[in-house]
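**Student:** I am attaching a structure below and will ask some questions about it afterwards.
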């Protein structure tokens, strides 16, 4: 008779081990055939929401429904904000004509709008920490939609400036609420794509504005003599989106799980724990904002006055630029998630330097067209990485919306002074080219700052 105490055979041991696959059991089998518990590392107090294990399949199925909903509403809100901001740039020639103003005066109006964006953006981050991301987003969209619509009724340039400043408060707050909502609901492995898709509202908003200008120009017989007012009237449509966001969109799980005590003394917490990353991110964003707005605000006017393009031809060039921007945004998210944030940023900034240099030094229209396409890829596309990179630089912050809102919108100081500087220099052909050339300096500054920053790819977001 076989003893019940005899050791099991090697074969039976192997059979038992084979019947206990690791992915189906909470226990692993040691080399001696003894069960041992899997070793787990301590989890963060509030780990970011992510699909457990990121199951196999297309990347878009690895993003939760909450993440896609957040991206949808934040992306549309950001797209319509860009539409509103670019509307001012596209109507500058008509405003100069109707109000008898100078380019410097219109540059000042653009600066006033940018100041509103800065104040609203910083305040929007604070509000998003207090009342939640989705509430703040819906209120911000409603504010800029109403005030942009009222701009259509402005009787003077002073009224245009006042209304653009007020609308800027809502536009700035839109990004500060929407960007952390996307960053906190997308898994780390695909956060670059999520941020790039939201920032893709820049070229899409530009294309919508260009299409609207073409339609208004055709139906109203031009933007002069009041035709520009229809452009601002269209800016009231996002009021519908504000209602939709308020009714349908779930709050960020990270914000919901945060302790009420985290919402007290937010500024003190931010400056004490994240001062270094905060200042680096602020300086980098300043350079990006200057780069973008130096080109975006005056490129339509530059194409008409210096390259002697008609409004119709300049719109074609700008559409080509935005097609390049779409390509740049699509590429940035995929490349940054695979190879890292730093090399992707540096490559796009190098393309920006080359494109701007080409724009201000060549006169042949085919070359200008190619330069506009490259400018879309570099100057616009580089913004695709700002959401994931900023969130990951502040990866452990309990006041992430405030941090992101402060750095992005504080960086808009660069966007505020860019139109003023370019407009002041654009008194001659040489001055105009010199003004746009200052964007090259900003791009080089951004490259230096990115070179000394840390790689943030794959950072998990937590509240500590």
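The chain as shown is numbered from 1 upward.
Cβ atoms are placed via backbone N, Cα and C, with glycine included.
In case it's useful when we look at the structure, here is the feature table from TrEMBL:
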- 1-12: compositional bias 'Low complexity' (COMPBIAS)
- 1-57: region 'Disordered' (REGION)
- 70-96: transmembrane segment (TRANSMEM)
- 70-457: domain 'Major facilitator superfamily (MFS) profile' (DOMAIN)
- 108-129: transmembrane segment (TRANSMEM)
- 136-155: transmembrane segment (TRANSMEM)
- 161-183: transmembrane segment (TRANSMEM)
- 195-216: transmembrane segment (TRANSMEM)
- 228-249: transmembrane segment (TRANSMEM)
- 278-303: transmembrane segment (TRANSMEM)
- 315-336: transmembrane segment (TRANSMEM)
- 345-364: transmembrane segment (TRANSMEM)
- 370-389: transmembrane segment (TRANSMEM)
- 401-426: transmembrane segment (TRANSMEM)
- 432-452: transmembrane segment (TRANSMEM)
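Relative to the rest of the structure, where do these features sit?
**Tutor:** Within the same chain, residues 85, 88-89, 92, 95, 136-137, 139-140, 157, 160-161, 164-177, 180, 255, 263, 266, 293, 297, 399, 401-406, 408-410, 412-413, 415-417, 419-420, 423 sit at least 6 positions outside the transmembrane segment (108-129) and bring their C-beta atoms closer than 8 Å to a C-beta of that stretch.
Long-range contacts of the transmembrane segment (136-155) within the same chain, counting only residues at least 6 positions beyond its ends with a Cβ under 8 Å from a Cβ of the stretch, are 73-74, 77, 80-81, 84, 87, 120, 124, 127-128, 163-164, 166-174, 176-178, 181, 229-233, 235-239, 241-243, 245-246, 249, 401.
Listed as Cβ neighbours of the transmembrane segment (161-183) (distance under 8 Å, sequence separation of 6 or more from its ends, same chain) are residues 67, 70-71, 73-75, 77-78, 81, 84-85, 88, 108-109, 112-125, 127-128, 133-134, 136-137, 139-145, 147-148, 150-151, 154, 191, 194-195, 198, 235, 252, 387-388, 390-391, 400-401, 404-405, 408-409, 412, 461.
Through the fold, the transmembrane segment (195-216) approaches residues 71, 74-76, 78-83, 85-87, 90, 178-179, 182-183, 186, 223, 227-228, 230-231, 234, 296, 315, 318-319, 321-323, 325-326, 328-330, 332-334, 336, 376, 380, 383-389, 391 of its own chain, all at least 6 residues removed from its boundaries and within a Cβ separation under 8 Å.
Here the transmembrane segment (315-336) has Cβ contacts under 8 Å with residues 192-197, 199-200, 202-204, 206-207, 210, 213-214, 299-300, 303, 309, 344-345, 348, 368-369, 372-385, 388, 457 of the same chain, all six or more residues outside its ends.
Long-range contacts of the transmembrane segment (370-389) within its own chain (CB-CB distance under 8 A, at least 6 residues past either end) are made by residues 179, 182-183, 191-192, 194-196, 198-200, 202-203, 206, 281, 285, 288, 291-292, 295-296, 299, 317-318, 320-329, 331-333, 336, 341, 344-345, 348-356, 358-359, 362, 404, 408, 439, 446, 456.
Counting same-chain residues at least six beyond the ends of the transmembrane segment (401-426), those with a Cβ under 8 angstroms from any Cβ of the stretch are 103-104, 106-108, 110-111, 114-115, 117-126, 128-129, 133, 136, 172-173, 175-177, 179-180, 183, 255, 266-267, 270, 274, 278, 281-294, 297-298, 301-302, 386-387, 390-391, 394, 432, 434-436, 438-439, 442.
Beyond its flanks by at least six residues, the transmembrane segment (432-452) meets 280, 283-284, 287-288, 290-291, 294-295, 298-299, 302, 305-306, 342, 345-346, 349-350, 352-353, 356-357, 359-361, 379, 382, 414, 418, 421-426 of its own chain at Cβ-Cβ distances under 8 Å.
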**Student:** Six or more residues out from either end of the transmembrane segment (278-303), which same-chain residues have a Cβ under 8 Å from its Cβ atoms?
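**Tutor:** For the transmembrane segment (278-303), the sequence-distant neighbours (Cβ-Cβ under 8 Å, at least 6 residues beyond its ends) are 86, 89-90, 92-93, 103, 107, 110, 114, 206, 270-271, 309, 313-314, 317-318, 321, 352, 356, 359, 368, 372, 375, 379-380, 382-383, 386, 389-390, 393-394, 403, 406-408, 410-419, 421-423, 426, 432, 435-436, 438-439, 442-443, 445-446, 449-450, 452-453.
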**Student:** Averaged over the domain 'Major facilitator superfamily (MFS) profile' (70-457), what pLDDT does the predicted model reach?
**Tutor:** 88
